[in-house]
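Take a look at the structure below.
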Amino acid sequence: MQVEQILVSTLILTTPILLAAIGGLVNRQAGIVNIGLEAKMLSGAFVAVIVSSATQSWFIACLAAALSSAVIGWMFSLTITRAHANMIVAGLGLNILVAGVLGFILSWVYKTSGTLRQPDVVLLPDVLPEFFEKIPVIGPALSSLDPLTIFAWITVFCLPFVLTNTRIGLWIRATGNAPHVTRAVGLRSLAIQDASTAFAGFFAGLAGAHLALASLGLFNEGLTAGRGFIALAAFYFGRDRPIQTAMACLLFGFLDNTQIRLQTAGFPPKLIGMTPYLMVLLALIFTSVRAQRKARL
Amino acid sequence: MFPAKDTPTSLSNNNQERVVFPRAPDFSHAREAIVLSTDRSVALGAVDLHKSYGATKANRGISLSVMRGEIHAIVGENGAGKSTLMRMLQGVERPDSGHVVIADKPVVLNGPAEALALSIGMVHQEFMLAPDLTLLENLVLGEEPVTRQLGPLSRIDWAKALREGQGLAESIGAQIDWQRRTSSVPVHILQFVEIIRLLRRGCNVLILDEPTAVLAPPQVEELFDLLRNLRANGTTILFISHKIGEVMALADQVTVIRQGKTVFHSTIAETTGPEIASHIVRDAPPLETSPPPSRTVTGEPVLELDGLSARSLEKSQSLDNISLQVRAGEILGIAGVSGNGQGELAECIAGLRDTSAGNIILQGADITGETTLARRNRGLAYVSADRRHEGLTTAASIETNVIAGSHRAPPITRGGILSRKNLRQEASKRLAALKVVFGKVTDPADSLSGGNQQKLVFARESADNPKLMIASQPTRGVDLNGIAAIHGLLRDFRDQGGAVLLASEELDELIALSDRVVVIFEGRLVGEVTSPAGAMAQIGQMMVQGDAA
Amino acid sequence: MSSSIASRSIGILLPLVVSLIVSGVVLLVIGKNPLDVFSLIATESFGNARRIAATLSAATPLLFTAVATAVCFRSGVFNVGVEGAFLVGGLAAVFLGFTLPAAWGFALFPICFFAAALIGAIWLYVPGILLAKFEVDEVVSTLMLNFIAVAITGYLVNGPLLSPLSGNNVTPLIHEVAYLPRLMPPSTLHAGFLIGLVCVAAYGFWCRYTPAGFEGGLIGLNQRFSRAVGISVPRTIVGVMILSGVIAGIGGAAHGMGQMHRFSDGFSPGYGFTGMAVALLGRNHPIGIVLGAILFGALASAGTTIQLFSNIPLDLVNIIQGTVMIFAVVELGRISLRRKKGTANAG
Amino acid sequence: MMTNMTRRILQVTTACTSLMAGSALWADERPAAMIIAQGGLGDGSWNDTANAGFQSGLEKTGVEGRTIESADVAAQGEEIMRRAADGGFGLVISLEWIHGEPMEMLAKDYPDTNWVIMNQTRTGDNIASVVFGEHEGSFLAGALAAQVTTDTSIEGINADATIGVIGGFKAPGIDKFIVGYIQGAKAVNPDIEVKVAYADSFGDPAKGLQMANAMFDEGADIVYQVAGGTGIGIIEAAKARGHYAIGVDSDQDGMAPGNVLTSMVKRVDVAVDEIVTGYAADNFPGGEVIQFGLAENGVALSEMTHTKDKVPAAYIERVTAYKAQIIAGELDVWDVSSQGYPDFFK
């Protein structure tokens, strides 16, 4: 009965996590653990709202969000690759810095705090024609698909191909695996890492745009609500492989979605919220222990 | 850096325009120095190369000509200047004077990419392969065949890549499963992949730096077959080795380097193993001669190994049923070609590597399962072969380095408190006792010369009156004065009743110091020589062939 | 030696200078005179005894979290889980502080602190043993444990341990006898600050004057060497993680018993992460840690109270803090556009 | 350059000291400070509403005022309040619940400063405690929702006797609303099912939207939001699905006209405004507990501008009747903040 609706909302809740995780996993394949996804999502959401209102175009808004976050990502990458900053601390610092800058802009430019409403924000449209809704079970989910969700899933399914079959994909994997080898064969490993972080920024920006424009049409300081870290958990859980990571995102989106049911069944909301992290921890332990067993044999 | 995809032709033109010689180049003598045979051209050569690092003169006049289509071996001891020569041939470093010759022309190289563009490729001992990628991916990395040119987004033409790989592998007679993950592939196959990668990039001159060091004998055979096939296909090979047997089996030409100079050159047909050997070690630094050959050791056994075995991990050699004894007042030498298990054996005794069978007995006590710390407390000292990464912490201060390991014992630590004053005193005492030359005790160990670094290691390891010293390659990378000092230290230690297990690739050193020598081959002990003096040939035979026949 | 002091001070000053420039630009953009604002921040941090006390009070939890971080960083263990240990330690101390009978009086101090230290130690023992025995990446495991700690303490404080009749998620107040005494009443600066200084001093002592500290520093520099001279690397790793947990737990207890007197939502607004920045800024050196903690304490306290006297929003503090964090880990001397060729052979 | 800087610093310092000297300069119009609670400004709820009242009060009276945010508001509260008193502020309002105890202490140290705390009763001649009757207002919201939810004649309503409520965090301050709401609903229909959930965030509208959707899927057609910024998403969901949300704190009926059944308006703004104006007029209610319940019009249902034509008048009348009963003291609504949790809600 409600399967359709669960499907719809799981899909929508998954999209921002998925977009951020796509960026994060590519970044990590190139050897950078991106703790700053949260910051880039937030700035993406902000830019998306401003631009959507100004241009009346969801497309330009998403593009602007993605590009601005890509630039932030690229600059962030420079501190890591060129100035040898520790990526974890720099990422945490970026999260604080971006939140501070956005708060500042909100209060000084827009004379508001926390929430920014702009007139005539254009939301993401439903893409597929209405008759899709008639398809049983998955119909409603299909008909509520927005362009970013479609883009995210297309990317997920293209990504394995891109990573295995294109030059840049090979370079990224080689850089993450053995940067000295990449350099030895004449590739610019640092530039490849920078590009991957910019890519992560691009997708985190889209994730932010989705949060802001999927249904709300406004910016809020708490909009990302730790989804950057959930994305991190997802690509750790999926071990940087696109399909597996996407499945982890779906699982986390589903968990988020079923909170209400679990809450009525007596689970405290706080403890439900920690499941992704617990799962990553357990997965990490499991794989490490298994790897060691294997090595000992 | 040059884009790797440029063609060699355009690059060499390009290159000639950019050639800048530090000094006015004088190539007038180049032809005569190089050309030994006029009917064939020089693929790769060197004219009177000099290179110094500070006070160390690594190369002091090296000339070399590798003829096209030949396998040319360069032999020499460790520290003779081979690796410096390689770096200059490959463009990693520039000679102070002299020049490199490629395809009959003197060139100035500004990096390995330029050498590569001139068809010179090098296979290092550390393979440049990403472990998580497949062999095929490693093969094409950096120069991928694409279906359509779309810049970095171009789709890689895997079918073409595979055809290329298979074609090249076939042409040299190698069997390679290109889809396997690199980390799961045996080491000699990786070497083949490295070679094929260079061929694919258009290299017709290959430099192989001690390629057999990491290989097991059957693998060595496979490699040699492959190299012969390469030669048949017209590839020129420069082969660096210190194993005479291999050189005799494989090479067409041989050049011997000693103390930074070329001292001998011949075609293999016109020389013999012993002759080459004599050039490698002739005029060796005046080391003290070994004790009288009749010296008999009567001390109690300090170390006994009983059927010790260890599994192979990653690239390491396994050990198989090793039994030996080292008595008080005795130096037992372990001879063996690098990679045959000396290092692993030393690590097992020091407690740094797990054993799978057998016992280690130190002064009558079985220490097989004990920690490194417990072993050290029983009087074990260990001089690591890898001084810069295991023997020392180069970033830490000299005093830290010379005290580490004794930091829990009085007088440094009493009642759980570590006394900096006593630490410094003790450090100064130890450093003075071994005449280590240093600036301040708080300077990093990195500031010391190689010889002094090693003396520091001995200062630490000999401080707590050990009963057994395991010295693994103790003079590697140490200058001549340092070598003499370290030999003196080992002798003194022995003369005071200590037991020494000495692993060295320097046969001279083993013979000069050891009371007895055992030979290790593929992780097994294959022979023992009780009076090493004059037994060099016998030991060498066993090292190379695994038996004394 | 002198050059290393110079480079060290550059290492500490650079992030400050950069963050002042960044925030200065932001201020200029909105038409404020940065010098006015910075001097207002300076007076609000150190202008008089009370302000200094407020700054030190805000610095107190950071002393603990920074030392707890430095213990691990110095040994090459990238523990980012101090936040979690601080939370669970704080909750443990507070829990005993209101459940044990008040009649126990001063005995409550050692009991609560011990419990906090124990819980903190157990909390970080887990990732420690996972790293030492199974090579489980400590960054991820401790990061995940932070979220888990937030969730568990959050659950307890609005469930089983919720104070009746409260309007917020808070536990009951601890018994008044278990309040840590204040040092400069009426300021909230409490004895926890002294305990923090003791921890810093003990850390400095541990580094220099104990064999364990000596070993920690060595495994941070070179694990192979440490093994070869007989140091057990796994044991040292587990040891520093436990020590880190103990200090973080004590920090949580000091915060609970000295400052908050209860556990509540917002018990730690990220002290663990700020402590990480402090440790990095102070280059793991005890004096650097004290200075760094005071700096961040000053930012936290002055950043709040300048709002009383100007219309600078709190976000400015975030900008400064974020910039300091990023540039605290930048290695200026090693900025290079291309890694040197020599490193190509490494690995 | 140097002298310039010194001069500037001097200027600033004097500016500060003059501000600190406070009492002498401003006499009765010493400035007012309001400390923002955890969550900060922009929560779209408690802090924001209070701030609106604060600003309007300042504007009306010409009193100078500052709002103070802190990332570490729980631990630093006492220092902030003391600094404000030291700095010459005559009125210090704290929106943070946890500041209650320290304020009681500070009020003794600074008898000339006027102190205001919310949602609890603190004693002191110069402390005004403001207590809201959220439970009472929520009772009315529940009573209205329970009547509407079974009336299928109303567009967007199904036959199920199911309604919902979504809180921000699980916390007593939030459960005070929720318990009142449930009690109101049960008063109308003892068999009604009230779905309760918490978003675990006050600023995650995206999640609020999905949670509300999930409740609608389970048969609820009216969802009461007690979740600040998260609630924005709940209202958006109601609009998108054609069901109903109930707004909170301020009149949110206009956020989705026709889909916000009503709003449980809590006049924090009025309370703060009144306190500021009282303070300016030398009429500070020190030592008093100011009730902002139904009787005082401190809480109320909104005018229902967009929905009152949809809802049968009888329902509204019944709600009005409950209101009268509550004011008259004939009907007790459970107050979590003073009575703890009731048996029907654990």
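The first residue you see is number 1, and the count goes up from there.
Just so it is clear, glycine is given a Cβ too, placed from its N, Cα and C backbone atoms.
Note on the transmembrane segment (C:12-31): residues 37-38, 281-283, 288, 291-292, 295, 312, 316, 319-321, 323-328, 330, 332 of its chain, located 6 or more positions outside it, place their CB under 8 angstroms from a CB of the stretch. Residues or ranges marked as transmembrane segment by TrEMBL: C:12-31 (among others).
Annotated transmembrane segment per TrEMBL: C:51-73 (among others), in sequence order.
Proximity of distant same-chain residues to the transmembrane segment (C:80-100), defined by a Cβ-Cβ separation under 8 Å and at least 6 residues beyond the stretch ends, is recorded for 61, 64-65, 68-69, 108, 111-113, 115-120, 123-124, 127, 138-139, 141-143, 145-146, 148-150, 152-153, 156-157, 161, 171-175, 178, 244-245, 248-253, 255-257, 260, 262-263, 267-268, 270-273, 275-276. Look at TrEMBL and you will find C:80-100 (among others) tagged as transmembrane segment.
The transmembrane segment annotation in TrEMBL covers C:106-126 (among others).
The transmembrane segment annotation in TrEMBL covers C:138-157 (among others).
What TrEMBL records for C:189-207 (among others) is transmembrane segment. Within its own chain, the transmembrane segment (C:189-207) has Cβ neighbours under 8 Å at 53-54, 56-57, 59-61, 63-64, 67, 70-71, 74, 179-183, 213-214, 216-217, 243, 247, 250-251, 254-255, 257-259, 286-287, 289-290, 293, counting only residues six or more beyond its boundaries.
Per TrEMBL, transmembrane segment is recorded for C:228-254 (among others).
Residues or ranges marked as transmembrane segment by TrEMBL: C:266-282 (among others).
Residues or ranges marked as transmembrane segment in TrEMBL: C:289-310 (among others). Tertiary neighbourhood of the transmembrane segment (C:289-310): same-chain residues 12, 16, 37, 40-42, 44-46, 51, 54-60, 62-63, 66-67, 70, 196-197, 200, 203, 274-275, 277-279, 281-282, 316-317, 320-321, 324, selected by CB-CB distance under 8 Å and a gap of 6+ residues from either end.
According to TrEMBL, the feature transmembrane segment maps to C:316-333 (among others).
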Same-chain residues at least 6 beyond the ends of the transmembrane segment (C:228-254) with CB under 8 Å of its CB atoms are 60-61, 63-65, 67-69, 71-72, 74-75, 77, 79, 82, 85-94, 112-113, 115-125, 127-129, 131-133, 138, 180, 190-192, 195-196, 199, 203, 206, 212, 215-216, 218-219, 267-268, 271-272
